[in-house]
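Presented below is the structure to which this report refers.
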Amino acid sequence: MSTGTVVQVIGAVVDVEFPQDAVPQVYDALKITGEGACNGLVLEVQQQLGGGVVRTIAMGSSDGLRRGLEVVNSGSPISVPVGTATLGRIMNVLGEPIDEAGPIGEEERYVIHRAAPSYEDQSNTTELLETGIKVIDLVCPFAKGGKVGLFGGAGVGKTVNMMELINNIAKAHSGLSVFAGVGERTREGNDFYYEMKDSGVLDKVAMVYGQMNEPPGNRLRVALSGLTMAEKFRDEGRDVLLFVDNIYRYTLAGTEVSALLGRMPSAVGYQPTLAEEMGVLQERITSTKTGSITSVQAVYVPADDLTDPSPATTFAHLDATVVLSRQIASLGIYPAVDPLDSTSRQLDPLVVGQEHYDVANGVQTVLQRYKELKDIIAILGMDELSDDDKTTVFRARKIERFLSQPFFVAEVFTGSPGKYVSLKDTIRGFKGILNGEFDHLPEQAFYMVGSIDEVIEKANKKK
């Protein structure tokens, strides 16, 4: 273990000088020693500048750092605890417990920088994962071992949707989950912990947080820390769920670090290594012949612009994309999933079956036609439409409302009990609407219900 000294501090970036024959490698973890608030602060090597000097990023607050402090090279990258000891615990980017429940007591640690599984180790799966959320199961079904992105601007419900998915899948799937909170609000991390505790699945979830108020180094690496824990469970032959909230903050932390390291920015001010950084993370989130990682990632869309380089780069890596729309949210329809923008590779007759495919296609066709007719209705009114178009509009409005659903995790602030709808009931309900079986029912009856049977019951009560 070689020792060096701090020679320059620029915010979260720290330059350290080592003897010429003992220069640390890129990604090695260094530790500040000596007195003061910074004792034990971990630095990660990012660049070798020559002359024995390395440029590092601080994995904590650099307040109180000064030139001349002694730094020790650990000789390996940052490592985190893995295995069952992490379940039910909240950790930071370094794998240190932050829940005041004592030491983790792990038997094994993994380094966070690891190679992605090779081609021959990867497995291809087409098994569907039922979520119990109608709009998702119908239009953009998830694959077990697949990657899903929840895209949306500020305040359209990404975190609530993710919490509902965790609630539904973690309970039904009864597998293990890892939750990586990347640059999100501490309040949400706190809410998530108590949500898991109240629903009795805390002992199946490992939580790693690098929140909004932490330095960019933490936010950049916390996703890798969470992923490393998930990889351990996968390599033991288990099926793991990896939840990342929010992938955009991971990109943003990379942008901050890149600027601090003096790299020239690329489009919209993002780091020039955006695609590579995203690829390094996403390529590791994959299923092998041993076990699977099913990942759900929230992706913040800046200014609701899906062409922004960050969400656009993320799109390429996903099997299913769930796009949340502000326009749909403004109508009071939750979950505010846009059935025309959301896509899934699984929506194929060979995977989901012909009936499911036809119903999903029919729903999208009717909604698309309604979208086209809206301008005519706004200018000329409903009376100018043909009988066929009128029927399409009435059915589309019922479909729109039937796509809404009360959530378990939202019970506290909506007052209505959550509903889990099986895929079979979802297909039956939408097929009935498309075939005109429920044309006689008022459209209000379709709003915020579970299965089609509840619609009939609600309509009968209103008579």
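Using N, Cα and C of the backbone, Cβ positions are placed for all residues, glycine too.
According to Swiss-Prot, the protein carries these features:
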BINDING   GLY152, GLY153, ALA154, GLY155, VAL156, GLY157, LYS158, THR159  ATP binding site
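Highlighted in sequence order, TYR300, LEU324, ALA329 have their Cβ within 8 Å of the centre of the Cβ atoms of GLY152, GLY153, ALA154, GLY155, VAL156, GLY157, LYS158, THR159, the residues recorded for ATP, and are not part of that set. Secondary structure at LYS158 (ATP binding site), taken from DSSP and collapsed to helix, strand or coil, is helix.
Fewest other C-beta atoms within 10 angstroms, among the binding-site residues GLY152, GLY153, GLY157, are seen around GLY153. For the binding-site residues ALA154, VAL156, the ranking by surrounding Cβ atoms (within 10 Å, all protein chains) places VAL156 first. In the three-state DSSP assignment, the secondary structure recorded for GLY152 (ATP binding site) is strand.
Neighbour counts of Cβ atoms within 10 Å were compared for the binding-site residues GLY155, LYS158, THR159, and the top value is held by LYS158.
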